[in-house]
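Please find one structure pasted underneath; my questions will follow.
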């Protein structure tokens with residue numbers, strides 16, 4: 001058991017080191033993004049929503065085709081991948097990189113690796129469910145996809161994408177400030193109350 005844990009820890013450290021090397025040019029930007037997404041200042045959440053709203057209003061106004069939208073998005077990613085490593089040290093100053101910043105950068109990369117592992121783990125569990133319980137797998141997939149299709153039919157695509165992107169960008173701050181755990185705890189308490197009331201009625 002201990003040998004397996006050590007192997008997993010060493011593999012995590014190796015994957016984190018590899019990701020750090022790949023994202024070294026993005027270090028300053030990632031630290032700034034971490035501060036914004038973590039709501040280090042009170043005005044960061046409304047700023048996030050404002051920027052996202054402005055971007056989606058621009059898309060709504062321009063009304064590009066799917067091909068044009070995808071092409072522009074990929075072009076933006078290519079430009080960012082080329083320009084950020086060049087401009088970031090000049091803007092933020094690479095000579096100001098401290099031990100604390102390096103440690104935080106390491107933690108961010110470690111969290112990204114763990115998130116990727118969780119996603120792969122869920123994907124593997126899905127295929128395990130398909131092999132072990134094919135009927136449950138197909139029923140779950142059909143019901144889930146039908147529900148998503150129904151939501152997509154009821155809500156405008158662009159507005160739905162706006163809600164998803166906004167929630168995804170606010171999620172780290174919500175999680176870091178304990179807002180999600182707070183409301184999940186409240187929901188669990190209410191559910192437990194309802195179950196207890198139902199048990200009393202049955203008695």
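Using the three backbone atoms N, Cα and C, a Cβ is placed for every residue, glycine included.
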Would you please say which range out of 42-62, 105-125 has the annotation transmembrane segment in TrEMBL?
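Matching range for transmembrane segment: 42-62.
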Tell me, what is the mean pLDDT of the domain 'RETREG1-3/ARL6IP-like N-terminal reticulon-homology' (26-183)?
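The answer is 88, the mean pLDDT of the model over that range.
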